[in-house]
Amino acid sequence: MASHIVGYPRMGPKRELKFALESFWDGKSSAEDLEKVATDLRASIWKQMADAGIKYIPSNTFSYYDQVLDTTAMLGAVPERYSWTGGEIGFSTYFSMARGNATVPAMEMTKWFDTNYHFIVPELGPNTKFSYSSHKAVNEYKEAKALGVDTVPVLVGPVSYLLLSKPAKGVEKSFALLSLLSSILPVYKEVIAELKAAGATWIQFDEPTLVLDLDSHQLAAFSAAYTELESALSGLNVLIETYFADIPAESYKTLTSLNSVTAYGFDLIRGSKTLDLVKSAGFPSGKYLFAGVVDGRNIWADDLAASLTTLESLEAIVGKDKLVVSTSCSLMHTAVDLVNETKLDSEIKSWLAFAAQKVVEVNALAKALAGQKDEAYFAANTAAQASRRSSPRVTNEEVQKAAAALRGSDHRRATNVSARLDAQQKKLNLPVLPTTTIGSFPQTVELRRVRREYKAKKISEDEYVSAIKEEISKVVKIQEELDIDVLVHGEPERNDMVEYFGEQLSGFAFTANGWVQSYGSRCVKPPIIYGDVSRPNAMTVFWSKMAQSMTSRPMKGMLTGPVTILNWSFVRNDQPRFETCYQIALAIKKEVEDLEAGGIQVIQIDEAALREGLPLRKAEHAFYLDWAVHSFRITNCGVQDTTQIHTHMCYSNFNDIIHSIINMDADVITIENSRSDEKLLSVFREGVKYGAGIGPGVYDIHSPRIPSTEEIADRINKMLAVLDTNILWVNPDCGLKTRKYTEVKPALTNMVLAAKLIRTQLASAK
């Protein structure tokens, strides 16, 4: 019985690759230094899998930045602006595409399906020239072979590559990207020929787009591609790997009818219906099924007994020698190694498995199927599963009851938004086009040091409070000097918008090294939600009241919304996600009520990640949006009409969910918009009726560039062409945490001047 891993984290157990990349980018180390770190990491990963007994070990899943960018390099599809002149693509061109350089911007980055990983989007057009320009896949196969490890080289499949691309600048938006299939397949043939010559016997094509809603034309491209590659692939075993959702019946039919393909990989965690499909539609005889039963996207130990039952039922259909135990997707979406968690509570730790432990689980399942079950290992797993089910720290009866009582009500505020805005205006007395910022202010080295020392107990609580108070006072003073209308306290006490709340809620645990790659060298460390969520004490009220006492202007209370906390955490898998979300919503609701009681009249509840949780298939959108929007309304349904509820959203493409956003029933919504002005405004141009306050970002905080007053005024005027004067707010598009004060002050100065300029124009037009 064989075992397989779809892919493995690249960063290293202690983020070795991150630090090597950043050192290289800063000019502090050489290309050779970076390559050495990468070579050592690859070798240790291959050795680890070989030692664990994995039969099908992947190669070419390592990347210096992103696997889709690696494919762009392999195909030589470098956009013209990078002035690449041919030959093997080196670090200079590769990292310019990923990060931009002094003279040209980076390629666009977008989310990889519904994960928190981001890929670099290929820019293609009818004139794109393709040539074999990066031999990485072959080099890494040979590198592993020299170490005595025979691997399965992994390539992003040709059809998914094109479906994930976008038309380059200047190319018609309607350009048919799939028309380039015949242009890229010759390069794939060259790569396949080299891999064969190097001794490869298996090859894995990742074609995750097969789980999306595809039309017949798109499905036909898979048949065309793998028919065209058939002779090149002869003599090789070919695995097509899918992940992140069920495979639709039509896609399954197309996939299983491909002659050149020997094996199919399915995600049986997110794809709970795929098992039924294999049973009902049948499975082609003589082909392999790679069964993704170990979750590649979470940190929970596998329920080995349950997985074994699934595998045994598949074995009856596929045959003993054709079933391979695998992960549901690449393990790059989970943390690296539990061994490095020395401070984690031992009971909670017994419920977890990171990437290194999941490799062992896959092999243990394969051996059990082959009649070599490790009884002690399985018994320990059964005990851990039982402890998790019965542990008193997981269940809080009071929370369960409160969450159950939410059903049957839609938790709307009693008065409609226009009446509320009138009541709020009487109390707040804001000018037309009120100015505000999104929440965070620059976090200086000194500020980070204070937080670090307080956490390490090197300074007293009094010293810490005094330092944070001083910072808040500075931020309030700056905003008053700039004449901003609705102030923020700058969030100096917060390291991260999710972790800060998770640390104060029960049901959350935190790791020391549970890092997961987000993009390039950037990693995130998601909290773990292991049990029922509740709020033992107020979390932000102390700081918000302190800040409000420093000014007569309205001070915003700042909270992270329940959907964002959920989508940016590793979530418990023993109850539906929406139940956990409702529990978080109830905890945030208590905080909102305490802020209101403490005299805070404007409360912002950020839902940066609301859209991120949208399922991959349209049929599932309505259910998700229904409970996500409901969770938001739960947080603030009990406040008075005079309390103004803001929310902030961090993505540009939400035209398709505008009605759900309206349904959130916030008083004011601020949106990251500056990079995609037209996209957002087109929604309102198309006649969507929107009556609440709205603040589309007037400048991009992700860039150090300081926008001029004229430029911001021009943006505001564009917005006023489609939005009513009395609902428009003026604000940056995101928090200012990552910027320097030397950038923030002039940018905000110009923003306030622009708002005043337009106010004067509007007044004189009357």
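Placed from the backbone N, Cα and C atoms, the Cβ positions cover glycine too.
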Recorded L-homocysteine site member, picked from Asp321, Asp594, Asp606, that accompanies Ile438, Gly439, Ser440, Glu491 in Swiss-Prot: Asp606
Please identify which of Asn101, Asn116, Asn655, Asn663 is recorded by Swiss-Prot as part of the 5-methyltetrahydropteroyltri-L-glutamate site containing Lys18, Asp496, Tyr519, Arg522, Cys523, Trp568. Asn116
For the Zn(2+) 1 site that Swiss-Prot lists with His648, Cys650, Cys734, give the additional residue from the candidates Glu672, Glu711. Glu672
Among Cys523, His659, Cys734, which are recorded as binding-site residues, the nearest neighbour of Asp606 (L-methionine binding site) by Cα: Cys734
Should one count Cβ atoms within 10 Å of each candidate's Cβ, the recorded positions Lys18, Arg522, His648, His659, His702 would be headed by His648
Can you tell me how many other Cβ atoms are located within 10 Å of the Cβ belonging to Asp606 (L-methionine binding site)? 24
Closest of the binding-site residues to His648 (Zn(2+) 1 binding site), Cα to Cα, picking from Lys18, Gly439, Glu491? Gly439
Rounded to a whole number, what is the top Cα to Cα distance in Å among the residues the record ties to 5-methyltetrahydropteroyltri-L-glutamate, namely Lys18, Asn116, Asp496, Tyr519, Arg522, Cys523, Trp568? 20
Relative to the Cβ of Cys650 (Zn(2+) 1 binding site), which residues of the same chain, six or more apart in sequence, are found under 8 Å away? Asp606, Ala608, Ala609, Glu672, Cys734
For the L-homocysteine binding residues given in the record (Ile438, Gly439, Ser440, Glu491, Asp606), what is the largest pairwise C-alpha separation in angstrom? 13
Ile438 (L-methionine binding site) to Asn116 (5-methyltetrahydropteroyltri-L-glutamate binding site), Cα to Cα, whole Å, comes out at 22
How big is the gap, in Å, between the Cα of Cys523 (5-methyltetrahydropteroyltri-L-glutamate binding site) and that of His702 (active site, proton donor), rounded to a whole number? 17
